[in-house]
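As written in TrEMBL, here are the features:
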- 1-58: domain 'HTH lysR-type' (DOMAIN)
Amino acid sequence: MNLKQLQFVVNVAETSSFSRAAELSFATQPTLSNAISQLEEELGGRLFNRTTRKVELTSFGEYMLPRIQEVLHNRDELVKAAESYHNPSHKILRIGFSPLVDMQRLDQVLAPFRQAHPDVTLFFKECFIDDLSQRLSREQIDIQIVPENEGGDGESSCVFYRDNLYYLPALNDEPAASRLSFEMADLPATPIILTGGGCGLNDALANMMKAQGVKLNPYAGQAMTYKVIEDWASLGIGAGILPSAKISPDNRALHPLFVKQNEPAAFSYYWIWRAERSLPEHVAAFIDYVQTTVPALVKGMVDRKVDEQVG
């Protein structure tokens, strides 16, 4: 197994084409195909279903792809760390975040900082909650973004944004589908489809429901992605609850979720950083930025969204 094989897999998954992936990889198609076949043999399963019309990931491929991407991301992180050591003037800002974070919103609030600090390289790291906490304590990231967590000992935090939750009824739940909205205490008995737990969705939902005196009723199985939660709900396997940023734009089978009347249920996302250690100047500047500038940017986004809905 080598990194080139892993990159081939990612390129095929992103393009759904062996020929296009070969072009992106500056390799011949036979070279790419043979490399992936060798990797599949080593891993013990097919990563792709190949037909004359399309190429798509197998269920094993869907399971392995995030892990392959993680290995490649760690390679990039290693290279950046070496650059930082050999060239201390090379400024790197390492931002870790849960898969639940709205990447589009994050990119929008980072734009002014990028413009003001063109000499700072932003390095993103998406990983599970426990991994983020360990990386922050080991100083492998400078700041993290997580849902429903205000930081622990030796950490400082501030709110980034809130994202409203929506209930996705199971296909065969006709009474639920006919309603406009739901309160947590009035949800149907349909089991809620959850993920493996590392992203923070399960704990955040359970804690929110517990605060309202409601017990979370989880579906026995677990979804690998938020899209799978949508798909399973559309097939009648169970219901889903997701923040708006993680729901497909074309999904119309969703209902606003409320804690109680006129109080939308929402996840709050926090910036968290180590408080007791001295920070490089560019990291300190960013932490000041997230506390002083980002709140106004987020408010502007919310105000524009409200205006669009009213208009």
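Note that Cβ sites are derived from N, Cα and C of the backbone, with glycine treated the same way.
Across all of the domain 'HTH lysR-type' (1-58), the predicted model scores a mean pLDDT of 91.
In the domain 'HTH lysR-type' (1-58), helix, strand and coil residues by DSSP number 35 helix, 6 strand, 17 coil.
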